[in-house]
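Visitor: Below you will find the structure I want to go over with you.
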Amino acid sequence: MAPKKKATTAAQKDRSKALDLAMAQIEKDFGKGAIMRLGDENRPPISAIPSGNIAINVALGIGGFPRGRVVEIYGPESSGKTTVALHAIAEAQKGGGIAAFIDAEHALDPEYAKALGVDTDALLVSQPDTGEQALEIADMLVRSGAIDMVVIDSVAALTPKAEIDGEMGDSHVGLQARLMSQALRKMTSALYQTGTTAIFINQLREKIGVMFGSPETTTGGKALKFYASVRCDIRRIQALKDGQDVVGNRTRLKIVKNKVSPPFKIAEFDILYGEGISREGSILDLGVDAGIIKKSGSWFTYEGEQLGQGKEKARDFLKSNPELAEQLDDRIMQELKVGPYAKAKDEPIADEDQPIDVVPNFDDQDVEPQN
């Protein structure tokens, strides 16, 4: 038995030596760090850009949208997709970062963006003519390494040049899907290397002839579903009224895919017309759920201090006391162990084997039916 064991040990040494030589050659040809053992480098946890709302930060699991990754936000019309993206831009700017907005829909309202806290003077905006131009501009900005976030609004509006130059009614099967696939292949590596977050806003379509399950699908083919580290499904669930007037929407955001934290978490929050997402409303909701804010009848109380009777008055009180709102935000994040307060968890993080969609038929086809 001894000679066999020695032979095995010698073979292992030869393999190890051959591997070291191969790794040395790879580093010589492609640069240091081109290949390494995963345990050799002490990687910091994935950093994030806050979303601007604590409910979304908690649902995302790491305190915001991950840096260096692709994020997709999709939902029906007027559900709050652009509002969520603009809040994220405002947070990136507050942290000293630079953000870009690729307005393929040509529908960005500067006044609304300013009301949400976006520094419109510093925001980079492009209104491209074609889908190729939009994605090329986004890629160049990412590769510059100078920006922290780029938002593309929306994938559905990224019209291929061949379609624009062609006649109305011409069939252009799969052009947009191929365009998105090529762009994401190019951008993914650059996003990771520069730590830039790319948010793609997407629209919903309905498939023809679906008998079972949801007929809903997103535009742009399958590529974005695979490349996105986070996919958010956003929907209006209730109208908010002040008397007879509708003043906003109660909105639900579901994390249907998450490669950086456990998926399928849900955030509910209020979007007020002209103001955007109510930060104070989410603080009250999560504070009560976490037991930090006490609710007795209609009164909200924090450490013996009355915040107000009814949610509206308590929200107004927190608006007029931003230091207290910030303190509560931080304490809730600490209590729920989210973001900088997250502890190392034993459970594996979802990755390539994770289901891409909650609704399986989202991935049935790469190209939308031509009407």
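Yeah, the Cβs are placed from backbone N, Cα and C, and that goes for glycine too.
Pasting the relevant annotations from Swiss-Prot:
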- Gly75, Pro76, Glu77, Ser78, Ser79, Gly80, Lys81, Thr82: ATP binding site (BINDING)
- 343-371: region 'Disordered' (REGION)
Visitor: So which one is it: of the binding-site residues Ser78, Ser79, Thr82, which has the fewest other Cβ atoms within 10 Å?
Guide: Ser78
Visitor: Fewest neighbouring Cβ atoms within 10 Å: which of the binding-site residues Gly75, Pro76, Glu77, Gly80?
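Guide: Least crowded of the binding-site residues Gly75, Pro76, Glu77, Gly80, by Cβ count within 10 Å, is Glu77.
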Visitor: What is the Cβ neighbour count of Lys81 (ATP binding site) at a 10 Å cut-off, with all protein chains included?
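Guide: Counting Cβ neighbours of Lys81 (ATP binding site) within 10 Å gives 23.
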Visitor: Please report the DSSP secondary structure of Lys81 (ATP binding site), reduced to three states.
Guide: helix
Visitor: Using the centroid of the Cβ atoms of Gly75, Pro76, Glu77, Ser78, Ser79, Gly80, Lys81, Thr82 as reference, list every other same-chain residue with Cβ within 8 Å of it (recorded ATP site), in sequence order.
Guide: Ile234, Arg236
